[in-house]
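For reference, the structure discussed in these notes is given below.
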Amino acid sequence: MTNPVFIPGPTNIPERIRKACDMPTLDHRSTAFKEILPPALAGVKRILKTETGEAVIFPGSGTGGWEAAISNCLSPGDKVLASDFGMFSRKWIDMCNRHGLDLQVVTAPWGQGLPVDDFATILAADTTHEIKAVLATHNETATGVRSDIAALRAAMDAAGHPALLLVDGVSSIASMDFRMDEWGVDVAVTGSQKGFMLPAGLAIVGISQKAISAMETAKLPRFYFDFRDMLAMNPSAGYPYTPSVGLLNGLKTAIDMLEAEGLENVFARHAYIAEGVRAAVRAWHLPICAASPDLYSDTVTAIVVPNGIDGNALVAHAETRYDTSFGAGLGDVAGKVFRIGHLGVLTEVQALAGIATAEMAMADMGIGVTPGAGTAAAQTYFCKNG
Ligand SMILES: *Cc1c(COP(=O)(O)O)cnc(C)c1O
């Protein structure tokens, strides 16, 4: 465990954040907790770029945030528009089905983005506004695809459609530009262990005023994830049950670090590291799973392995031989891709180590890449563009 991980979450934890999470027991009803929760909530709102919305933080993970989003905004039988274009969008659909929602699913090829044009057609045709919510996965971590949430918002507005817009930003928020207010996002979901560089354990959720109105009439059952209890108690630094105090303190520190670097600088650094990784992949002559450059994610790259090679065996080999974790292929692309996660604290130096290690693992597995070719391409990119 001396090497950094190159998985798209959980990400490497900076020493300062580890120390901030490591706290003696603190009574969450004491005044000391007032130094932790309110700044964490205010910081989350700044990272989400919302001034009109609210933030809540549940013990949980991104998946818990999904459940909070749907159970607070929807009622059994409500119609929901979603797309299956990767493992995470597919799992969210599965969750909606298990909650008794009426799903309309547009299937898109994995490697493509959210099918905004199809959504636009469907929304425009839904003149009686049966669709109550539109689900969107901003960054599909399984394929390394970033979708255009601004374009989706524009399509919803063009159709004059009042559906709620629920966005999974688990692998984008705090690493890639996310504009909750500007994009009219009604619920934004993330977890602590990706862009926020924390251990897993928090579901971080942004809620618009429109979602707050919807929550009053939504009939899906919820208790632990009820927005109402959080929103009633948070203003006085209260919490409806025992909070993860250490993680919340870590979150406050993570926000300090992100803002000290400057949020736009954090996004630029992610884009820069991602481009270095992609330069390496091009030098390997291996395809990127994301179908076109406009879809490239700045937090994870899924790399298509040659026919006859098992991408998951490659990942297992890197782990056993080099003690280095890369992301395995998931769902429909299991075995066909391996993923390099490049989000969180990753630097050029660490990215180069990951690229060089991937080259050794690929050479060991008989993939015809020349060791050093990708590393050199990334070095050249970093030297020219740093
Ligand atoms: C990691 C991830 C999730 C799942 O989050 P957990 O924190 O593991 O529950 C959901 N969506 C996306 C896009 C992710 O990357």
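Placed from the backbone N, Cα and C atoms, the Cβ positions cover glycine too.
Feature annotation from TrEMBL assigns domain 'Aminotransferase class V' to 27-284. Feature annotation from TrEMBL assigns N6-(pyridoxal phosphate)lysine to Lys194. The feature substrate binding site is assigned by TrEMBL to Arg339.
Counted over every protein chain shown, other Cβ atoms within 10 Å are most numerous around Lys194 among the recorded positions Lys194, Arg339. Across the structure, Lys194 (N6-(pyridoxal phosphate)lysine) and Arg339 (substrate binding site) are spaced 15 Å apart at their Cα atoms.
Secondary structure from DSSP puts Lys194 (N6-(pyridoxal phosphate)lysine) in coil.
The secondary structure of the residue listed as 'substrate binding site', as reduced to three states from DSSP, is extended strand.
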